[in-house]
Number of protein chains: 4
Amino acid sequence: MASINILKFGVSSPSDTSPLEGLKAAGYKSDNILAVIGKSEGNGCVNDFSRTLSSHVWGSQIPESAVTVFSGGTEGVLSPHITFVVRDRSSTGLRAAVGRTRILQPHEIGTSAQALEVCSSIRSMLNESGILREQVRLILIKCPLLTSEKVEMIKATGRTPVTTDTYDSMAKSRYSSALGIGIALDEVEECHLDEALRSQSAWSTKASCSSGAELEDCHILIIASDSFTGNLRAISGHMDDAIDARAITRLLEQVNREGGQVLQVFAKAEADPTGSIRGKRHTMNTDSDIHSTRHARAAVGGLLAGLTGETQLYISGGAEGQGPPGGGPICVAYRAGA
Amino acid sequence: MASINILKFGVSSPSDTSPLEGLKAAGYKSDNILAVIGKSEGNGCVNDFSRTLSSHVWGSQIPESAVTVFSGGTEGVLSPHITFVVRDRSSTGLRAAVGRTRILQPHEIGTSAQALEVCSSIRSMLNESGILREQVRLILIKCPLLTSEKVEMIKATGRTPVTTDTYDSMAKSRYSSALGIGIALDEVEECHLDEALRSQSAWSTKASCSSGAELEDCHILIIASDSFTGNLRAISGHMDDAIDARAITRLLEQVNREGGQVLQVFAKAEADPTGSIRGKRHTMNTDSDIHSTRHARAAVGGLLAGLTGETQLYISGGAEGQGPPGGGPICVAYRAGA
Amino acid sequence: MASINILKFGVSSPSDTSPLEGLKAAGYKSDNILAVIGKSEGNGCVNDFSRTLSSHVWGSQIPESAVTVFSGGTEGVLSPHITFVVRDRSSTGLRAAVGRTRILQPHEIGTSAQALEVCSSIRSMLNESGILREQVRLILIKCPLLTSEKVEMIKATGRTPVTTDTYDSMAKSRYSSALGIGIALDEVEECHLDEALRSQSAWSTKASCSSGAELEDCHILIIASDSFTGNLRAISGHMDDAIDARAITRLLEQVNREGGQVLQVFAKAEADPTGSIRGKRHTMNTDSDIHSTRHARAAVGGLLAGLTGETQLYISGGAEGQGPPGGGPICVAYRAGA
Amino acid sequence: MASINILKFGVSSPSDTSPLEGLKAAGYKSDNILAVIGKSEGNGCVNDFSRTLSSHVWGSQIPESAVTVFSGGTEGVLSPHITFVVRDRSSTGLRAAVGRTRILQPHEIGTSAQALEVCSSIRSMLNESGILREQVRLILIKCPLLTSEKVEMIKATGRTPVTTDTYDSMAKSRYSSALGIGIALDEVEECHLDEALRSQSAWSTKASCSSGAELEDCHILIIASDSFTGNLRAISGHMDDAIDARAITRLLEQVNREGGQVLQVFAKAEADPTGSIRGKRHTMNTDSDIHSTRHARAAVGGLLAGLTGETQLYISGGAEGQGPPGGGPICVAYRAGA
């Protein structure tokens, strides 16, 4: 377990590591970094190399144990930036734990094997860190996807890949990770895992999963709030649909009541899979020029930016199993007033 | 001058004219239609044929004098729909006038000639309708663009086109139209027109211009609110930037104070041309996969939908000269409470 | 059965019907039209309304029995155009038959029901027209796809749609149609239909299928060459992969040997589903910004245009079951020399 | 001057440096590398970070003096790969020289200053290497572009940027570099430089320029063929338009006459700026979903791949000043038969 602080800095490109200077100016060393959570300006889909580039340049700058979650896609008003989760000597009120699953075999990606592996890793992390389940506000996971090569590898061993569509594999991997979180946090029953994989309808309110071509295992970051030490806090909720402003203002009102200042917002967004929002047709799933994840990030990003007045927000696409279908979880980390 | 009502209906595709049935159910005939204002699901750029398709199917259903403004692009949560402006026998409080400029020669598109033609048409329309300048809440204009063929036609006559880039010509045409509105409404000084064309920095707060390949003249719709007859009203304001939620809530609070119900919101959106919003970099202008207009509609659409709870909103991209750079005008038409 | 001629004309937009004038200048009336086969400039995917627009403007100009096949996508050097198949009083050497299946229920799209329906319609058409199976050079089919609405309709009846992804449904529908052609032409065994649907590996060398949102039944056009009357001919072959220039030059050499002049080339293209061509990786299936069908049309279009010296070519994307995987059928219609 | 060999290897991603192993297996060391010329799988436009990623991973693996030219975009059948130009102890028949201009100030990008700087660097390189002007077969240049930041920097100094559109700046920079090559090779007259910049109509047949966000100076690689030592050769020509198959087969026939084997083809492609090819309209310049450079690479790549039977070809988009408008230069490096 570690008491933490959360800081964010803009970047001029996916290869910009200048935020390290800001971090140092704030009194932290790169050794203190538990996690680097970035929004980079790629398409956030299969051929997004901005993410890989960010992973590459940051790899040598941070402790080996640190988790990196680079999520592509700063559509609309969103601004490319880096969020640091850093160890803090004082008791800030926020705590974090980081960990990884074992390397997943290609044929395990998007299956119950991945969900169980994620769940078991989270349980160990909670045990070791002493974080209680009810203190958890957000679990960020970066998980692998199926590249064309991996699909062929699976076929070569006589197995059937969970999907042969690389883009679709990103969704399946996110969903498996989210189910793992849901089981670990008692939001989803382990005995219903297979059914949940079939129905695609189970969800966690604390999960934020993204998938990338640059890793083979799942990287896990747990953020918790103890609410009785320090003045840093995190609260979480979920949007029922992509225009659920009320879910956001409820959280921001709580921050305001405590005279607080937002450190960062972590949210997930997705195009409602039914093809409509509050009974009105949307076109995110039928636009063959722009993937639905890009549409969803742009729209939810516009809403969150308007309500918070900030554009350096962590909004990640693909919310399968993360909040209700068409909606998504939100976590607001903030510094409470004196 | 005509007293009007405003009604909106969802469409299942750009060729769906079923809203006519809704109109009839509401007690109006297609003869009453002054304007059909549609959001269709294309890319809203040069090769958007959803717009042309809508124009085509609606052309035979409405009076010849009616103005049609089909704006492509329902990015993010936005929902394809049609807004009717219909003549109403009673004094509703809302009034409208429709008109057209003469056909513009290709070499006039995007120049002062277009601005002056628009201005002069608006002045005539105000005179004829008896609408006062201060009652005007919104002037919607659909204007032509330069296709590759038109660019070649201009060159063939030895003239220099205002741009050879068809996409850029859409912006130039919108800006010229907006200047025409600005001059007509005394927001821009006519003597500064040439300078305004050079600087690209003048603007009107009542202008909503879009450009399309399907027309040769400018179609003009003026919406005014007299505030002393009936219970229909329109108020207008402008967003200072793409995340200016305050500008929106101010208008919605006014509607709420009058116990009102929103009939429709008309807004323009654009990517801040400086490349940043409130000092933070955005990536809408450097994304070579998605045009900045699509980003901007998605983001502002997300914000407006969240705040109003509705997704059938008229949000059009390309706000050159329409509100401050990076921001845009908003007009809310509503029915005041009893 | 009808003796036919084939003529092609450029169009300035998807709504351009000026080719009718060219047709008249060539001595034909619109009553003679058996089929209008167009390449329009949309994305050729789900939200391509250029196709719908073309269908719309042509609908009122041609006999009700005429088949229209508008295929979206003129990527790369390809040029938007219309190909007419017209009834000719003299015996030209080319013959055609047109027909339609019954309307397919949403749940039948992409299934064996569609394949069998297509097959049975073709058999009837061959019988009625007296065209022999071995004279068939090309069977063009336009078939329906699953829109979001249709997917919901299927679910509402308690059935499982063949796919919930509208884009994927286009592929499934094309494949079913191609299997129907294959069975009718004895290229695929009817008893292996279910297996073929599972394996996605059966194919016809005479099939050219495209899918669109604008129809509910399958439109079928059979083109045959009798080789002993007149001087119009058609020959067909297939590309083994997307760079199989030899398959093309073989056909063009035959045309040259007969002192012939190409009337039109009909080809299908697709991204090799294995992710590589002749052992080298391609990126068409992992590009999240451009659909693989657009890549494939652009590449094969570039090759065919270079070899024929023409850009008004009918190259349609999505060759599932049409030629070998990654390749596709080609049919060259030509006028033999004196 | 250096005698060189040319080798190419496929890559599994933009960060794959495994070709170094292939290079070693062929008997070369990384110290021998004069240039790394890559085709990576990004969009080849402004926000293409695959290029930056490749530059990043290769930077530490090669001599500091080596030139890297990573060109984004493997549209259609093209396959991501790396071409090495390596110093060879024996006299192979092929020679190369590498160099760089000084760093260009943002306001110089796309202007005569860039052209003159490129020209002067090439002249020095020819002098120093002893390569004769008539032996030059290809000059590859990678040059900087204007990012949003650079545009603001220029404005801040009171200067007017050559363009404020970052994508357009790529074209302007390529054109300036090509003019520099043209002047150095006596294809363009220096006294006509200003006129050439205005008219955009001058061109070199040996130029291959691409622009990227990752550099501030121009990197220059000259490839020459002496035709009397060794058995490696290079020949060059140019396509008159994007479907000029004859220009390609002429070069390949020469290779065949010498019993040769192609080592690599270097070509440039662009959408004809007039909007038509051989009098027929193309839609590459009016497609708002796909940039014209992507269309052009896909189409010309399809043609070259078909004619050579290979997909690991260096085809770069944006041929401003490189070959005639709508066409582009081609250089074929090959090993002559015994």
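For all residues, glycine too, the Cβ spot is worked out from N, Cα and C.
Where the annotation comes from TrEMBL, it is an automatic prediction and has not been curated.
Per TrEMBL, the features are as follows:
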ACT_SITE  B:LYS142  active site
ACT_SITE  B:SER210  active site, nucleophile
BINDING   B:ARG51, B:SER71, B:GLY72, B:ARG174, B:SER210, B:SER211, B:ARG297, B:SER316, B:GLY317  substrate binding site
BINDING   B:GLU270, B:ALA319, B:GLN322, B:GLY323, B:PRO324, B:GLY327  Mg(2+) binding site
REGION    B:1-91  region 'RU A'
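On the structure: features taken from TrEMBL.
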| residue | record | DSSP (3 states) |
| --- | --- | --- |
| B:ARG51 | substrate binding site | helix |
| B:GLY72 | substrate binding site | strand |
| B:SER210 | active site, nucleophile | strand |
| B:GLU270 | Mg(2+) binding site | coil |
| B:ARG297 | substrate binding site | helix |
| B:GLY317 | substrate binding site | strand |
| B:GLN322 | Mg(2+) binding site | strand |
| B:GLY327 | Mg(2+) binding site | coil |
Across all protein chains shown, the one of the binding-site residues B:GLY72, B:PRO324, B:GLY327 with the most other Cβ atoms within 10 Å of its Cβ is B:GLY72
Count the residues of the region 'RU A' (B:1-91) that DSSP assigns to helix (H, G, I), to strand (E, B) and to coil, and report the three numbers in that order. 21 helix, 30 strand, 40 coil
Among B:ARG51, B:SER71, B:GLY72, B:ARG174, B:SER210, B:SER211, B:ARG297, B:SER316, B:GLY317, listed as contacts of substrate, what is the widest Cα spread in Å, to the nearest whole number? 16
Same-chain residues at least 6 apart in sequence with Cβ under 8 Å of the Cβ of B:GLU270 (Mg(2+) binding site), in sequence order, are B:ALA242, B:SER292, B:THR293, B:ALA296, B:GLY317, B:GLY318, B:ALA319, B:GLU320, B:PRO325, B:GLY326, B:GLY327, B:GLY328
Residues near B:GLN322 (Mg(2+) binding site) in space but at least six apart in sequence (CB under 8 A): B:ARG174, B:ALA178, B:TRP203, B:SER204, B:ALA207, B:SER208, B:CYS209, B:LYS268, B:GLY328, B:PRO329
Across the region 'RU A' (B:1-91), what is the average pLDDT of the model, as a whole number? 95
Tell me the coarse DSSP state (helix, strand, coil) of B:LYS142 (active site). strand
Distance [Cα-Cα, Å, rounded] between B:PRO324 (Mg(2+) binding site) and B:LYS142 (active site): 20
Check: min Cα-Cα distance from B:LYS142 (active site) over recorded positions B:ARG51, B:GLY72, B:SER210 goes to B:SER210
Express the distance between the Cα positions of B:SER210 (active site, nucleophile) and B:GLY323 (Mg(2+) binding site) as a whole number of Å. 14
When the Cα of B:GLY323 (Mg(2+) binding site) is compared with the Cα of each of the binding-site residues B:ARG51, B:GLY72, B:ARG297, which one is closest? B:ARG297
Relative to the Cβ of B:ARG51 (substrate binding site), which residues of the same chain, six or more apart in sequence, are found under 8 Å away? B:PRO14, B:SER40, B:GLY42, B:GLY44, B:PHE70, B:SER71, B:GLY72, B:GLY212, B:ALA213, B:GLU214
Around the Cβ of the residue listed as 'active site', the count of other Cβ atoms that are within 10 Å: 30
Cβ atoms other than its own within 10 Å of the Cβ of B:ALA319 (Mg(2+) binding site), all chains, total 32
For the Mg(2+) site built from B:GLU270, B:ALA319, B:GLN322, B:GLY323, B:PRO324, B:GLY327, further residues of that chain with CB within 8 A of the site's CB center: B:TRP203, B:HIS238, B:MET239, B:LYS268, B:ALA269, B:GLU320, B:GLY321, B:PRO325, B:GLY326, B:GLY328, B:PRO329
So which other residues, same chain and not among B:ARG51, B:SER71, B:GLY72, B:ARG174, B:SER210, B:SER211, B:ARG297, B:SER316, B:GLY317, have a Cβ within 8 Å of the centroid of the Cβ atoms at the substrate site? B:GLY44, B:GLY73, B:MET170, B:GLY212, B:THR293, B:GLY318
Recorded positions (B:SER210, B:ARG297, B:GLY317, B:GLY323), the one with most neighbouring Cβ atoms at 10 Å: B:ARG297
